[in-house]
C-alpha cells in the first residue's frame, strides 16, 4: 500500500473544503501517515460550475456509482446531505467494502442506528466527526477522550446560524427578522433557514451526541425541539436585566437511567462561559463524573472547519486500515450490543426554572390573580418586575420562577392566558443555571 | 483474553483517582470494551497511610518490580512523578513488553524523545493524556482530532495553581504572597510551589504540546520561562484600566519554519475567552489552518480529572491490544522518523506588544527622555498614562507599545533604568492580542 484512495460524493462547500485541506496540508498528512491520502474521484450532479479549488478534470464524474464501484477507492466521503440518495450511497459503499466518512447529521440522526449496524455487518466504519460541531473535535472527545467518564450532561450551542442571529438580537437589539436577513447576507443562513432557526439541525446533532455520551441508541424522535423564530427582542432585554443571556441550547442530561434531550431558547447566566460564545461559533459544555466540566469551542460550520473534521476522520481510518482494525472503535463509542434504548423523559416531566412575560392589564389585583394560579400549581416565584407603563392597555410583567415542573407550568399558563386581564399569550423561556456554579 | 491487567506505580492523589474512576465507571468501561480493566497490582513506598479508595490488601506492594515483572499486567501506569526512578521504571516496563500510561510531564518534557524511541523499539506505546491539561482531552485533540491541520498557534493556561493566584490577585486585589497562601490553604498549591509559580510546570506542558502540534522533537531547553512570583497587583490594576487581563500564558507558535515557545505573564484583552478562565481551570486555544480557532477548557489537575485522562488512555490502549496494533498512532502524532528539530526563535527575536511601568521622578522632561530612548530603539508608543502623584519621589508611568522586538525592548529598558530620574527597575509585561479578533 502506498496511498489511501478517497472518493468524494458531493462537491459543494464542504467537498471543496476537504479538497483544500488535503492539498494544503499534504506534507503534514504524509508525515503523520507515511503515505498520502489521494482523491481518486469526485462525483457531483454539477461538475461545471467553477469551484474555489481545482481537481484534475478526469477525476470528475456526475455518476456516484463511479465512486462507489472504483476498486481503488478505500474511503467514500458522503457530502451531499439529506436522507436519500445519501443513505443508499452509504449502504452501497459499505457493502462494497469501503469505509465511509460523512458530515450528514440529518441522515445519522434519522438512520444512524441502521447505518452503524450495516457498517458492522460489513466490517467497515462510518465516521462522522464533521456531523456535529464542525471543526471542534467533539465526536472524538465523547467517543475516546472522555471514554472513562459517566457523562452526566451535554450542553451546547450547536448551530452557528441561530447563535449569530441571537448574538445580533442581543448586541444590536435587532428584531428576529432583521437579524435573520443580516445572517443571510453574511452567508451564515440559507435562503430557507428553517432547519437552523427552528432548532431542527441542533436536534439532529443533540440526538447523535447524546447517543455517544449516554450509551444509547439514537432517538431523534424523542428530542423536544423549539426554535428561535418567535423570540421577541423585548425578552432578550429583560433577561439581560436579570443577568441572563439568551441562547439556543441543546441540552442532554442523564439522571437515574433516564435521558433528557431538548432543544429550545434558553436563558443562561451572563457569567457562564457559554454566554460569551458569539456569532457563528459553537461550544459544548460536557460534565463527566470524573473529568468534571469540560468546554469545547470553535467554528461549527464552514468549508475549512468541516473539511478539517472530515480529514481527521480520513487519517483515523487510514490508521485503522494499516493495522487491519476496521472496528477498533465502534461508531458511538460503545459496543453496539451494549447500546440501550435508554428511556427519555417526556417534556412534561422536565423540572427547570422559567422566565415568563405576561401581558396584563395595569389594574390592581392582576399580579395576585396570576401568582395565585402559579401558587396553586406548585410554582414558586423567585423574582418579578413590572416594566414601564401601559401600552395599548397592557403592561409586561416579567417573572422568574424557582424550579418547577413543565406540566404544572403549561397548565398554569393555559389558565392564566384565559384570564380576561391577560391580553396576549404569555411568553415562556426556560432557564438553565445548574451548570454555572463550577465554571 | 477476558480482561486487561493494569499495574499502578504510585498510589498518591492521581493513583487514587485512577482506582476510583475504574471502580465507579466499571460497567461503562465494560460496555465500551467488552471486558473489564482490572487493577492487578499497586506499588507505592507507602502502602499504610489510609487512602480515599480501597483496593484488596493482597495487591499492594512496596516493590515496583512486582508490577514490572508481573506477566498478568499488560499496562503499567506510572504516577510517581519526577525524573528517576520513573524513567527507569518506564523503560523497564516497555522492555518487558508492557504498554505505559504516565501523567509525568516533567519526565516527558525532559526525556520524552528517548522514551518514545524506546517504545518504538519494543513495539509498545507510551500514552500521556494526563500529562497536559488534566481532564481536558487536549493530547487526543492535537494528535488525532486536529490531525488534518497545520497548527499555527497553541495558547494556553496550563497551570491551575498560577491561574488561581492570578485570579485572586485580579478579583480580590490581593498581593502575590497572600494569594499564594490562600491557594496553599485550598490545596491548589504545594508547600514548595516553585514548579507552578515559576512557570516550570507550564513550560513542561508547552514543550510537549508544541512537539505534537508542530511535528517537532521535544525541546524543553528552548522554552523561555518566566513565572508570576514578581507580579505586583498594581500592574494587574493598571492593565485592567487598559482593558487587559493578566494570565500566565504558554505560547507556542509556528511561523515560516521557526517556533516560538514561551511561558510568561501575559496581558490578554479582557474580551478574550481565555480572560474569563478563572481559578483552577485550564484552557487551551489552538489555531489550525483548517479548523480555525478552537478552545478546550476544563480542570487541569486533581484526582478525578487526571484519573479520567489516565483511564481514557487505558481504554485506547486496550483497543490497540485487541487489534494487535500497538503502534496505531505514534505518541506525538507524527511518524517518529518525520519529526524534526524545528528551529526555535531566540527570545530576543520575538516581536510582540509590551506593557511598561516606569517609576520616574515627577519632573518636567522625564517622559520626553523615556520616549526618546524608546523612539531611538524603534519602539513606538500606543498609549501612556501617568497615574496619581508622587510617592517617595516617584510616580508610575504606564505605557503600552505597538509591536516591538524583544531585543530592542531589553536594550531600551536597560538604558532607561540607568537614567537618574528613574527610581526603580521598569516592569515589563508582554501583551498578546493577535488571537483575539476572531474569538
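Residue numbers in this text run from 1 along the chain shown.
Placement of Cβ uses the backbone N, Cα and C atoms for every residue, glycine included.
Annotation source TrEMBL lists NADP(+) binding site at A:9, A:10, A:11, A:12, A:13, A:14, A:15, A:16. According to TrEMBL, the feature NADPH binding site maps to A:105. Feature annotation from TrEMBL assigns L-homoserine binding site to A:190. Among the features that TrEMBL reports, active site, proton donor is placed at A:205. What TrEMBL lists as domain 'ACT' is A:355-430.
Counting other C-beta atoms within 10 Å of each candidate's C-beta, the binding-site residues A:12, A:15 are led by A:15. Using a 10 Å Cα-Cα cut-off from the residue listed as 'active site, proton donor', none of the binding-site residues among A:9, A:11, A:13, A:190 qualify. Within the same chain, residues at least 6 positions away in sequence whose Cβ sits under 8 Å from that of residue A:11 (NADP(+) binding site) are A:42, A:43, A:44, A:46, A:47, A:51, A:60, A:79. Comparing residue A:105 (NADPH binding site) with residue A:15 (NADP(+) binding site), their Cα atoms are 15 Å apart once rounded. Cβ atoms within 8 Å of the centroid of the Cβ atoms of A:9, A:10, A:11, A:12, A:13, A:14, A:15, A:16 (the NADP(+) site) belong to the same-chain residues A:8, A:17, A:18, A:44, A:79, A:80, site residues excluded.
For residue A:12 (NADP(+) binding site) paired with residue A:190 (L-homoserine binding site), the C-alpha to C-alpha distance reads 14 Å. Of all the binding-site residues given, namely A:9, A:14, A:16, the one with the smallest number of surrounding CB atoms inside 10 A is A:16. Sequence-distant neighbours of residue A:13 (NADP(+) binding site) (same chain, 6+ residues apart, CB-CB distance under 8 A): A:302, A:303, A:306. In the domain 'ACT' (A:355-430), the DSSP tally of helix, strand and coil residues is 23 helix, 32 strand, 21 coil. Recorded residues residue A:190 (L-homoserine binding site) and residue A:14 (NADP(+) binding site) have their alpha carbons 15 Å apart, per Cα-Cα distance.
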